[in-house]
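Here TrEMBL flags 331-387, 400-456, 461-518 as domain 'MIR'. Summarising the annotation, TrEMBL assigns region 'Disordered' to 1-50. Sequence annotations record features per position, and here TrEMBL assigns transmembrane segment to 58-77, 98-119, 139-160, 195-211, 223-256, 276-302, 593-616, 636-659, 666-690, 696-717.
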Amino acid sequence: MPPATGGGLAESELRPRRGRCGPQAARAARRDVAAEAAARSPKRPTRGSRRFEAAGRWALLALVTLLSFATRFHRLAEPPHICWREVQRTEESSPKDFSSFCLFFSPQMLIGLAGYLSGYDGTFLFQKPGDKYEHHSYMGMRGFCAFLGSWLVPFAYLTVLDLSKSLSAALLTAALLTFDTGCLTLSQYILLDPILMFFIMAAMLSMVKYNSCANRPFSAPWWFWLSLTGVSLAGALGVKFVGLFIILQVGLNTIADLWYLFGDLSLSLVTVGKHLTARILCLIVLPLALYTATFAVHFMVLSKSGPGDGFFSSAFQARLSGNNLHNASIPEHLAYGSVITVKNLRMAIGYLHSHRHLYPEGIGARQQQVTTYLHKDYNNLWIIKKHNTNSDPLDPSFPVEFVRHGDIIRLEHKETSRNLHSHYHEAPLTRKHYQVTGYGINGTGDSNDFWRIEVVNRKFGNRIKVLRSRIRLIHLVTGCVLGSSGKVLPKWGWEQLEVTCTPYLKETLNSIWNVEDHINPKLPNISLNVLQPSFPEILLESHMVMIRGNSGLKPKDNEFTSKPWHWPINYQGLRFSGINDTDFRVYLLGNPVVWWLNLLSIALYLLSGSIIAIAIQRGAQLPAEVAGLSQVLLRGGGQVLLGWTLHYFPFFLMGRVLYFHHYFPAMLFSSMLTGILWDTLLRLCAWGLASWPLARGIHVVGILSLLLGTAYSFYLFHPLAYGMVGPLAQDPRSPMAGLRWLDSWDF
C-alpha cells in the first residue's frame, strides 16, 4: 500500500477499463473521465471564485493560529513563582552557568538563550516550587515555550487538512487542541514538553506534505518538505529520547513509500535508486549531522565545570575548565599514604563515599554508612595504607613505596578515620550481597578492613596508574568484590547509591573502579592533558549517562506518578502549583470532553475501519463518494492512529518513573484522528440519508455541535489551566463545584 497522501481516490477510479484497447480505449477513457468530472462539478469555478476560496482558507488558518496564540499567551505571567519542574528546567538553563557543563543539551541551551535575551540575569536561586521570581525576568523563557506550544494547533490543522482534504475535519482538530486545558497548561511553563511536541508535529506535517508531492518527485517543494522532515526529526530527538517514536513513524512511512515505488514497473531502477538516495540523505544523513552538530556546539559552549561533572568519567572531566582535573598535574603511580578518590566505572554511579551517619537499626550492623555519591565532596577522600601497620607513609624518613597489583591494603576515610569494612551482614537493598560500612577508631579496626587490590588484565607486581588502571577491590575475609548496585538508598541514606560487596566475582562495570584524585607530596606530577577523550568518545559517554540518568529518575515529594493505562481516560492529573484553598492552584488535567471523545473515537475508528477494510477486501463495489471517504478514513486515519500507537504503547515497556504529561504527544495524534473520523462519519451519514430533505445539514450540525461542545467544556474547565484561588472543588462555593467528575481528580 502506498503511503497516505491525502483523501485518496475512489476504487472505481483506480481500476483500468476493460474490453477496449489501443486508441479506442484511450478515447473512451477520456470521455468517461470527462463525464465523471462534469457530473461532480457541473459548473467550473471561475478564477475569482478560486481566489476567494484560497483567501478563505488562509483566513481560516490565520484565525486558528491567532486563537492558539491568544489562549497560550493569556495570563502567561501567572503565577509569578516556580511551578512544578520549572525549578529543574530553569536552573539547568541559567545563563550564569551558561558555560558550565550539565547533563542536558540543546533544549536547555535554547531556553537559557531566550532568558538571556529577555533580560534574565541568572542570579535567582532555584530551590523549590512556589518560590517567587520577584524582580527576576522569567517571561522570556515562558514566552519561548508558549511560542512553540502555540504552533501545535496550526500544525495539526494543516496535517489533517492535507490528509482529509476537509476544512471541517481540520477545524475540528484545531478546536480540540485549542480548547484542551492539558495542552494549554504544558505550553505555558518552562518545560521541555512544548519544545518536544513542536518538533514532533513539525516532522509529521512535513512528512505528510512531502507525501502529497509524490506526483512531483524531485521538485523544489518535494525537496523542501523532505529536508524539513529530517531537520524536525533531529530536533525531536535532541529534546528527548521520546523523539525516537516519530523517527520510527517516518521510517515506516518511508519503507512503505519505497516498497510502493519499487513495485511501480513504470519507474526504472535508476529512478528508484534516486528516491532511495534522496531519503537516505534527507532522513538519515541530515538528521544525524544536525543532531551531532548540536552536541558539538554544546561541548564547545559548555566547556566549564558544573554540577553534572560527577556523572562522567575522570577522562571526560579532564576537558572541563574549572574541574580539578583540567590541566591538572598529579602523581602518575599510586603510593601508600596517598589521599585519593575512587570512582566507579559504571556511568552515573559516582565516587566511593562515606559520612558520619550510621545505618539505621535493623539494616545490617549499625556502623557508618558507605555509599557512592555523584558530586565532588570532601567525604569522597580516602587514604590508602598498608594493612598491617599504622605508621605514616608520608613521613620523610620513610622511602616511597608504590601500591602494586595484588597488594593487601586498607582504605581509611579521611574525614572520619574509619576503615572501609565488610562482613557477612546483608546489604541494605541487595539482599544476596554483603554490607559495606566504615569501621574502627582512628584507623584501627580488624581483619574485615583488609582488601586485595587487583588491576584488570594485569600481572602481579605491576604498579597502579591513576585514571588509567581499572581496579577491583577483593575483600580478604569473605572473598567478595566491592561494587555498587546502582540502587538509590532511602532518605536515611540521603538518597545516595548503595555500595555492596558482591560474592559474584564476574567482572562488571559495577565492581570496577579507577583512582581519580591523587595527592602525595613525595611524588612528581604528570600532566593529564594526554588523557582527554576524542569527540566520538565523549558523545557516546554523554548518551550513556543520559540514558542511565533517565532510567534512574525518582518522584519528588508531593509528585503523583501514574501508569500508562491511566492516561487516555484522564484518570489523574498533576499539581503544577498550590495545594490549599489559599494557594494559586494550577492543575494539569486534560479537558475531559476532549479526552473522552478522543478515546471513543479510537474505538469507533477500529470498528468502522475494520468493517470498511473487510468490505473492500471482499470486493464490495462502493459508490464513488463512499469509496473516496473510505480511503480518507483508512489512509489518513491509519497514519495518525499509527502515530498514537507508537507514542503511547512503548511506555508500557518502560521501567522508569512515569508521569501524566508523557501521554501528550500521543494525545496530539488521537485528536487528529477524532477530527478525521467524525468528519468522515458525518459525511457518510449525510450520504446515506441523501433522500431526506435535510440530509446535507447533518454534517454541518454535527460539526458545529462538536465545536460548540468543545468550546463550552473549555469555558467550564479553563480555571485548571489559568489558575484558581479559593475553595476546593469539594466545597459548593468553589467555581469548580460539580466538575470533579472523578474522585481521582485532586483540584
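Just so you know, glycine gets a Cβ as well, placed from its N, Cα and C.
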Hey, does the transmembrane segment (696-717) touch the transmembrane segment (223-256), meaning at least 3 C-beta pairs closer than 8 angstroms, sequence gap 6 or more? no
For the transmembrane segment (58-77), find every same-chain residue at least 6 residues outside the stretch whose CB is under 8 Å from a CB in it, and list them. 139, 142-143, 146, 149-154, 157-158, 167, 171, 174, 177-179, 184, 187-188, 722-723
Would you say the transmembrane segment (139-160) and the transmembrane segment (593-616) are touching, if the rule is that at least three C-beta pairs must lie under 8 angstroms and be 6 or more residues apart? no
In the same chain, which residue numbers or ranges, 6 or more beyond the ends of the transmembrane segment (139-160), come under 8 angstroms Cβ to Cβ? 61, 64-65, 67-69, 72-73, 76-77, 90, 93, 110-111, 114-115, 117-120, 166, 169-171, 173-174, 177-178, 183, 186-191, 194-195, 197-198, 201-202, 204-205, 208, 636, 640, 668, 671-672, 675-676
Give residue numbers and ranges for long-range contacts of the transmembrane segment (696-717): same chain, 6 or more residues beyond its ends, CB-CB under 8 A. 168, 171-172, 175-176, 178-181, 589, 591-594, 597, 678-679, 682-683, 685-686, 689, 739
